[in-house]
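J.: As annotated in TrEMBL:
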- 37-283: domain 'G-protein coupled receptors family 1 profile' (DOMAIN)
- 22-43: transmembrane segment (TRANSMEM)
- 55-78: transmembrane segment (TRANSMEM)
- 98-116: transmembrane segment (TRANSMEM)
- 136-158: transmembrane segment (TRANSMEM)
- 199-221: transmembrane segment (TRANSMEM)
- 233-254: transmembrane segment (TRANSMEM)
- 266-285: transmembrane segment (TRANSMEM)
Amino acid sequence: MNNSVTEFILFGLAHDDGKQKAIFGIFLILYLATLLGNFLIVVTIKTSQTLGGPMYFFLFYLSFADACFSTTTAPRLIADALSQKKTISYNECMTQVFAAHFFGCMEIFVLILMAFDRYVAICKPLRYTAIMSRHVCGVLVILAWVGSCIHSSAQIFLALRLPFCGPNVIDLYFCDLQPLLKLACMDTSVINLLVVSNSGAICMVSFIILLISYIVILYSLRNHSTEGRQKALSILTSHFIAVVIFFGPCVFIYTRPPTTFPIDKMVAVFYTIGTPLLNPLIYTLRNAEVKNAVKKLWCNKV
């Protein structure tokens, strides 16, 4: 339901020319590093003979989702940094809302699948191969895609119901439901409640599930050998760091009323651009198998 507004103005991160040039340079480097890091993991897992386990199968999709998630927001931020007219059409805005929530939700579900994989590997090692077969992993990933599509479809359904008849300045560098709710010329209390019960619930419930799974896994490790415990803790630490840096901002943004805080933009930058950049570093620097596979593959290429 769109009345008179055909485009939105993205306020961005800054308006000073010097800061705009700095934003262009910094975020172009960060975005290219994000694509390079995630592309490196995707290609390495796809071609490596040693990274065929379920954990790396899910890591492949996490890196793919990270690259796509960053691409939904970073190119617009980079291009607008050099543009005087920072506008986005209504249709482009709705597309961005759908894509950001689709790939963001996909990342959440893949993180849950990776935690489930570690739970089975540590708590049920004798049945691990049977439970986490390639067929089961494929089905789980398909369910993650379907769940992400349902979530983002619900978000875009709510966004399309918002009427805009006056203000069109979005105080952010990309389109999202929270800033759009502030511009709608209607009472948005019910829609905001639906947003919180959708995005907020997914973030909070998923985060709680992951924390419980890590607690159960840590409790099970007491029966393992010292070497096995250290290896498992190294992998779990990587997973836990990735979960915290993604879910912290996610919970902060989507589990509250449509209010504005000065720190909102920095939080948005962190989870839309920072997290996809950090995940490849977390999973390569703390994982000897991935590091060795990367060195072997790319040294041979060189």
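Numbers run from 1 along the shown chain.
Note: Cβ is positioned from N, Cα and C throughout, glycine not excepted.
These figures come from a predicted structure and were not determined experimentally.
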J.: Suppose I define contact as three or more CB-CB distances under 8 A, residues 6 or more apart in sequence; do the transmembrane segment (136-158) and the transmembrane segment (55-78) meet it?
T.: yes
J.: Near the transmembrane segment (55-78), which same-chain residues lie under 8 Å Cβ to Cβ, leaving out any that are not at least 6 residues past its ends?
T.: 10, 12-13, 23-24, 27-28, 30-31, 34-35, 37-39, 41-42, 45-46, 48, 88, 96, 99-100, 103-104, 106-107, 110-111, 113-114, 117-118, 121, 134, 137, 141, 144, 173-174, 235, 272-273, 275-277, 279-280, 283, 289-290
J.: Which sequence-distant residues neighbour the transmembrane segment (199-221)? Criterion: at least 6 residues beyond either end, Cβ under 8 Å.
T.: 101, 105, 108-109, 111-112, 115-116, 118-119, 122-123, 151, 155, 177, 228-229, 232-233, 236, 239-240, 243, 247, 250-251, 254-256
J.: Residue list, the transmembrane segment (266-285) vs rest of chain: Cβ under 8 Å, 6 or more residues beyond ends.
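T.: For the transmembrane segment (266-285), the sequence-distant neighbours (Cβ-Cβ under 8 Å, at least 6 residues beyond its ends) are 13, 27, 30-31, 33-34, 37-38, 40-41, 59, 62-63, 66-67, 69-70, 72-74, 77, 100, 172-174, 176, 238, 241-242, 245-246, 248-250, 252-253, 291, 294.
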J.: With Cβ-Cβ distances below 8 Å as the criterion, list the same-chain residues six or more beyond the ends of the transmembrane segment (233-254) that contact it, or say none.
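T.: That would be 55, 104, 107-108, 111, 114-115, 118, 178, 195-196, 199-200, 203-204, 206-207, 210, 214, 217-218, 221, 264, 267-268, 270-271, 274-275, 278-279, 282-283, 286-287.
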J.: Taking the domain 'G-protein coupled receptors family 1 profile' (37-283) alone, what is its mean pLDDT?
T.: 86
